[in-house]
Amino acid sequence: MSTPSLLILPGDGIGPEVMAEVRKIVDWFGAKRDLTFDVSEDLVGGAAYDAHGTPLHDDTMARAQDVDAVLLGAVGGPKYDALDFSLKPERGLLRLRKEMDLFANLRPAQCFDALSHFSSLKQEVVAGLDIMIVRELTSGVYFGEPRGIFEEGNERVGINTQRYTESEIDRVARSAFELAMKRDKKLCSMEKANVMESGILWREVVTRVGQDYPEVELSHMYADAGAMQLTRWPKQFDVIVTDNLFGDLLSDLAAMLTGSLGMLPSASLGAPMSNGRPKALYEPVHGSAPDIAGQGKANPIACILSFAMALRYSFDQGDEAARVEKAVEAVLADGVRTADLLGEDGTVPVSTSEMGDAIVAKLDASL
Ligand code: IPM
Ligand code: MG
């Protein structure tokens, strides 16, 4: 098989800093595990706007379509706030998701033992938490037409459209059931079937797909009740499947249950390519954190764990993914902390690159 290809898009803010640490891990696999990647790098977001006047150059889009996996840092920053909507850094990311047709967004929310006291919830509520949110990523109100700001009489009206076809619901539901089969075989689907027709259809299609997965225990919840249950007793959930907008909200909520956004990776997957690998983009859940950019304070773990997800979902290297995840756990168990993971106990934080080095050292120790 040819060398797998990886397109790295560091993006803005802390993106380049955390991605530099991922490069250390990628290089480690080449040197120590004979797992070499054909790595190329390009611009996205504000960085692409600065260079080309667009948040995603067509050439970059074409390269993203061509590689086995894309790894993205983060996009956005106050510098770009005044830009026209169509030129904002986020549009680059949304274009990647849409044109690569990355319909299944996997957002794990896992509470690391060493950090369970960090959650704003009681430790017993979050200790050992391990849930997976599957967010539909290429449709719904994010992309539905009509959309825009229009004149209506003597005032303006802002319009966005929640729209889901049966096939869009079907395919993301299948991804969620497949994941549930590999986990605790429990799936909760969230929508607002009490007020939205799209929610009624969503519930119907998910239920129908469920007939193909009789081993999976399927439940349904209104998304508002789901948010409440997620904060009340999150361990009742295994896999959650939901639409684009509810998934955006619920995944931030679930992420914060674990105590730090700096820890959480994500995978956005599409249909299989001709080589059998899914179209895929991996990115940390956190944003570009412009307030700490360039200071060596950022936590690279979410981005490193995103690469671990790439090993698992794109490159069939589940054991090597687990090796990275264990290295991260071991570093945390040693008390190594970036600034975002510090309490009041007087621990001195390590820098972004020291955290990367510590993880590499644990990888070495794993051999
Ligand atoms: C996310 C982000 C994006 C979204 C933004 C940056 C467009 O919040 O990935 O959750 O809303 O999808
Ligand atoms: Mg979000």
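Cβ coordinates are placed from backbone N, Cα and C, and glycine is handled just like the others.
Please treat TrEMBL annotations as automatic predictions, because they have not gone through curation.
A quick note: this is a predicted structure, and the numbers were derived from the prediction, not measured.
Listed in TrEMBL for this protein:
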- 77-90, 287-299: NAD(+) binding site (BINDING)
- R97, R107, R135, D224: substrate binding site (BINDING)
- D224, D248, D252: Mg(2+) binding site (BINDING)
- 5-359: domain 'Isopropylmalate dehydrogenase-like' (DOMAIN)
- Y142: site 'Important for catalysis' (SITE)
- K192: site 'Important for catalysis' (SITE)
For the domain 'Isopropylmalate dehydrogenase-like' (5-359), the mean pLDDT of the predicted model: 95
Other CB atoms, at most 10 A from the CB of A293 (NAD(+) binding site): 18
Extra residues within 8 Å (Cβ to Cβ centroid of D224, D248, D252), Mg(2+): A223, A227, L245, F246, G247, L249, L250, S251, L253
Cβ atoms near D224 (substrate binding site) (within 10 Å, other residues, all chains): 14
Site extent for substrate, whole Å (max Cα pair distance, R97, R107, R135, D224): 26
Entries of F85, R107, K192, D248, A293, K297 (recorded positions) sitting next to ligand 1, with Cβ under 6 Å as the cut-off: D248
Between D248 (Mg(2+) binding site) and Y142 (site 'Important for catalysis'): CA-CA distance (Å): 10
Residue, out of the binding-site residues G77, P89, whose Cβ gathers the largest set of other Cβ atoms within 10 Å: P89
Residue among the binding-site residues D81, D248, D252 whose Cβ has the most other Cβ atoms within 10 Å: D248
Residue among recorded positions F85, P89, K192, D252, A289 with Cα closest to the Cα of R97 (substrate binding site): P89
Cα-to-Cα gap, K297 (NAD(+) binding site) vs D224 (substrate binding site), nearest whole Å: 35
